[in-house]
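Peer 1: Sending over a structure as structure tokens; questions will come in a sec.
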Amino acid sequence: MAGDDGSSGGAGRGRGSTEDEVQIQVAGSSKPETSSTNKTDPQSSPAKHWHWWLMVVLNIFFLIAGQTASTLLGRFYYNQGGNSKWMSTFVQTAGFPVLFIALYLFRSKPTQTATASPETSGTKVALIYIALGLIIAADDLMYSYGLLYLPVSTYSLICASQLAFNAVFSYFLNAQKFTALIFNSVVLLTFSAALLGVDEDSQGTNGLSHGKYILGFVLTLGASATYSLILSLMQVTFEKVIKRETFSVVLNMQIYTALVATIASLIGLFASGEWKTLEGEMHAFGSGKLSYVMTLLWTAISWQIASVGVVGLIFVVSSLFSNVISTLALPIIPVFAVIFFHDKMDGVKIIAMLMAIWGFISYGYQLYVNDKKARKTSVSVEESS
């Protein structure tokens, strides 16, 4: 599961067929129209067309549901007395083994078009997975430190900057095309998340020095930029290196990068000595030892569900769209926080949520417009031939 403008395929790319590699140019696609990968695609047949939209909707659900659940469980972990930064980093990728079930169910058959040239196979892909995995581990750790050293309001505000960073990376690395609707979506979602961050009651930086506050600010900003870079690099990998369009490709990307990130986090957990405090943390956990274990377990699984949505959206649409959906989830989370943690839902949060929905509809309409245009082009090509 994955998601984005081009990660997981290219922007607006269609799912792979068994005979011909069919691809789609969607609204907001990052591929130039002259590119060989911009052939008319899922739109060429109703079945493929609806399959593409089904994949988009499914990955949106995975991303929003996974991100919301993992955020709420993460908050529950800290509320009940959890305090390990490396454990927090570890669980963000440690749930990857559950994806082997999906990999088995959605394994793809070898196709004639999926012939890998020497430079795009084996070692090259493995090195890319290792590099991305290490970057992901570092990114997760920066986020963990940022949340520790910053008020929630400031942390949320800075995290909202990831969409702006992604817009820049998508433009330069993925040749992302910006239309008025896409620009409107980016601006609305960024301001929606920022508004939410400004409104959030400050948690303060009790007992923390000014130096740690500055460090938290820098690390969170760096993590937001790094996350956006990861999405664009995944898109480049799908489009330029792997060049295959199957769901198993998406799962492989998530599984192997998560494996590397998990190993790196595990090394950090032991090297830092934090592993020595875990037993005491479990015994002191507010809701009990079993709850401690289940919280970490389901946090890990939720993160993987979200990650599949992220990578899947990159594959079927683009890295920018994947980040748009990720940002959309920020104002949605407070709704569930009201239900499960009895948080207060004020007017500012409602406005932020409505702005986020407006931004999402704006981007979604752009996809619809491009999709409709692609189908008309496909029909014209078929009639002329």
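Glycine is no exception: its Cβ is also placed from the backbone N, Cα and C atoms.
TrEMBL labels come from automatic prediction, so no person has curated them.
Pulled these from TrEMBL:
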- 1-15: compositional bias 'Gly residues' (COMPBIAS)
- 26-45: compositional bias 'Polar residues' (COMPBIAS)
- 1-45: region 'Disordered' (REGION)
- 52-74: transmembrane segment (TRANSMEM)
- 86-106: transmembrane segment (TRANSMEM)
- 126-146: transmembrane segment (TRANSMEM)
- 152-173: transmembrane segment (TRANSMEM)
- 180-198: transmembrane segment (TRANSMEM)
- 213-234: transmembrane segment (TRANSMEM)
- 255-272: transmembrane segment (TRANSMEM)
- 292-317: transmembrane segment (TRANSMEM)
- 324-342: transmembrane segment (TRANSMEM)
- 348-368: transmembrane segment (TRANSMEM)
Peer 1: Any chance you could find the range in 52-74, 86-106, 213-234, 255-272 with the most Cβ pairs under 8 Å to the transmembrane segment (126-146)?
Peer 2: 255-272
Peer 1: Going through 52-74, 292-317, 348-368 one by one, which has the most CB pairs that fall under 8 Å from the transmembrane segment (86-106)?
Peer 2: 292-317
